[in-house]
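These features come from TrEMBL:
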{"type": "COMPBIAS", "residues": "8-18", "note": "compositional bias 'Basic and acidic residues'"}
{"type": "DOMAIN", "residues": "31-348", "note": "domain 'FAD/NAD(P)-binding'"}
{"type": "DISULFID", "residues": "Cys68-Cys73", "note": "disulfide bond"}
{"type": "BINDING", "residues": "Lys77, Gly142, Asp334", "note": "FAD binding site"}
{"type": "DOMAIN", "residues": "369-477", "note": "domain 'Pyridine nucleotide-disulphide oxidoreductase dimerisation'"}
Amino acid sequence: MSDNFASPHDRDLDERVRPPGWINPSPAPRYDLVVVGAGTAGLVCAAGAAGLGARVALVERHRLGGDCLNYGCVPSKALIRAARAAHDAGNGAPFGVTGCHGTGVDGAAVMERMRRLRAEIGRHDAAVRFRDLGVHVFFGQGSFISRNALEVDGRRLNFVHAAVCTGARAAAPPVPGLAEAGYLTNETIFSLATLPARLAVIGGGPIGCELAQAAARLGSSVTVIEAAPEILPREDTDAAALVRHALERDRVSFLTAAAVVGVERRSGARTLIVRQGDQSHEVTADEILVGAGRTPNIEGLGLERAGIVADPLRGVRVNDRLRTDNPRVYAAGDICSPYRFTHAADAMARIVVANALFGARQRFSTQIIPWCTYTDPEVAHVGLYEREAGERGLAVDTLTVPLTEVDRALLDGEDEGFARVHLKRGTDRIVGATIVARHAGEMLNELTLAMSAGLGLSAIGRSIHPYPTQAEAIKKLADAWNRTRLTPGVKRLMGIMLTLRRLWR
Ligand SMILES: Cc1cc2nc3c(=O)[nH]c(=O)nc-3n(C[C@H](O)[C@H](O)[C@H](O)COP(=O)(O)OP(=O)(O)OC[C@H]3O[C@@H](n4cnc5c(N)ncnc54)[C@H](O)[C@@H]3O)c2cc1C
Ligand SMILES: NC(=O)c1ccc[n+]([C@@H]2O[C@H](COP(=O)([O-])OP(=O)(O)OC[C@H]3O[C@@H](n4cnc5c(N)ncnc54)[C@H](O)[C@@H]3O)[C@@H](O)[C@H]2O)c1
């Protein structure tokens, strides 16, 4: 069974992030900052501004915490962790662990654990916590009524500055029959009592891949349909190939370079008609998950009344200082960013607070934004891909260390993957890096720090890494770079010096 149902943990979550019976406060005559949308971007704007003494109003139409807490990072990573436990429990044989066959998954317990942890983590985003920080929290749909006022719940909020942080939602692919047949998105899949026995996933991006692997490991039979020739089409192609291989081993089926041309409801199930080249396939599933990109939430915001320009694909238009076409209004997060990540929303919100309230002139383009897709193995990336460097006419040297050369990865049985770095040609300046490893997201930070601090790869080479760790892969990249400097000429010169020293002593 995979029906939606109400869990006691969801009631706990609501007590925190959408308290029943919440009474919106009487508005102040004028706010320094009115924030519309209380996902990561909005919460960070509100907490940051209030912490610095500003009078702040925060407007949310649904649940504080937005996608990340309620329908994104938090519930998905809880499922991914449960899926890893299931996978590891059943795969002890290579380690000499017996009795791993026949381990089972209690799907309802997996979902309950996710909801319990989500409710617990929800305390950071609680309405009461924000009220105690001095923020006026309003529940309701926010809509601009002029260039310096917003309306919520019939109340007018006048502002010196405002921040639009209304995020994005799952884009609905224009597939005939899909809406009628019904489908899940990230806003509904985490409300299921258990995962479905058969799941079709439209879209092989981060959402599709993370959830497809988790569902497969937790017992669902999963098919991913991806329009591009390969899954994770934005990633390094070797990285995407490794992820595909890993997911196939977990029994995820793929139809790539494929288009869903129709969906039909047949005897309780859903049948997707998929065209792949000149072939036609039918995929039958109990549920369809759509993870085919995002649509910015601009509707009903009254943007035109505030002089804010937006478009349905890219969202609100901002300059590099995150200011909209209305100089009083800024924007942060998925509503205006090509980097749709929680940490990017957080970084943008900090810029908005500094620029809007304190006249700073911080630029978003100076930020170095890493990201990680939490499949197993994970794919973590920062900076440019090799193809992007090529497009910009930037010549690079690329170094790769396979994890088979890293002792700890071998000992852990996690040697499928690599660490790869792109250096400005002839230098040790890092312009981009990709890591594929079970904990690639944790390993990447050293390279991100080096890039943002302007440290070259040789600085990483000079820092001592504990043995045995998988992060030694990065130190080995530095060693590989050092070896490239040992040209035959340099080697000969060193040989002569050593010979002379031997003779002299
Ligand atoms: C399944 C999934 C997994 C993800 N995993 C990760 C991950 O592991 N790591 C990562 O970095 N990122 C991840 N992301 C992306 C991350 O969730 C988003 O980038 C992040 O939530 C963006 O924050 P935001 O504040 O811009 O928008 P949102 O979180 O979308 O918040 C916007 C808020 O505005 C509210 N709102 C909209 N319009 C109005 C209005 N008119 N009035 C009042 N309120 C309004 C909405 O209700 C919502 O609460 C994931 C996303 C998904 C879907
Ligand atoms: N670990 C993370 O940080 C994480 C995890 C999940 C989501 N996210 C964020 O959420 C955003 C949205 O994720 P997403 O996976 O929905 O979007 P995405 O745009 O990254 O990937 C969507 C995929 O769906 C494919 N697609 C689009 N239309 C299709 C169709 N009709 N049929 C088949 N395939 C189709 C695209 O080719 C693409 O590969 C991401 O851009 C990312 O920023 C981040």
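Even glycines carry a Cβ here, placed using N, Cα and C.
Away from its own ends, the compositional bias 'Basic and acidic residues' (8-18) comes close to residues 62-65, 69-70, 112, 115-116, 118-119, 122-123, 125-128, 139, 191 of its chain (Cβ-Cβ under 8 Å, at least six residues beyond either end). Spanning the listed FAD site, residues Lys77, Gly142, Asp334 have a farthest Cα to Cα distance of 30 Å. Reduced to three states, the DSSP call for Cys73 (disulfide bond) is helix. Long-range Cβ neighbours of Gly142 (FAD binding site) (same chain, at least 6 residues apart, Cβ-Cβ under 8 Å): Val34, Val36, Gly37, Val59, Arg61, Leu150, Glu151, Val152, Thr166, Leu301. When the Cα atoms are compared, Cys68 (disulfide bond) and Lys77 (FAD binding site) turn out to be 10 Å apart.
Considering other CB atoms within 10 Å as the measure, the emptiest surroundings among the disulfide-bonded residues Cys68, Cys73 are those of Cys73.
On a Cα basis, Asp334 (FAD binding site) lies 14 Å away from Cys73 (disulfide bond). Under the DSSP three-state reduction, Cys68 (disulfide bond) is assigned to helix. Mapped onto three states, the DSSP output places Gly142 (FAD binding site) in coil. Same-chain residues at least 6 positions away in sequence with a Cβ under 8 Å from that of Asp334 (FAD binding site) are, in sequence order, Gly39, Ala41, Asp67, Gly167, Ala168, Arg294, Pro296, Gly315, Arg340, Ala345.
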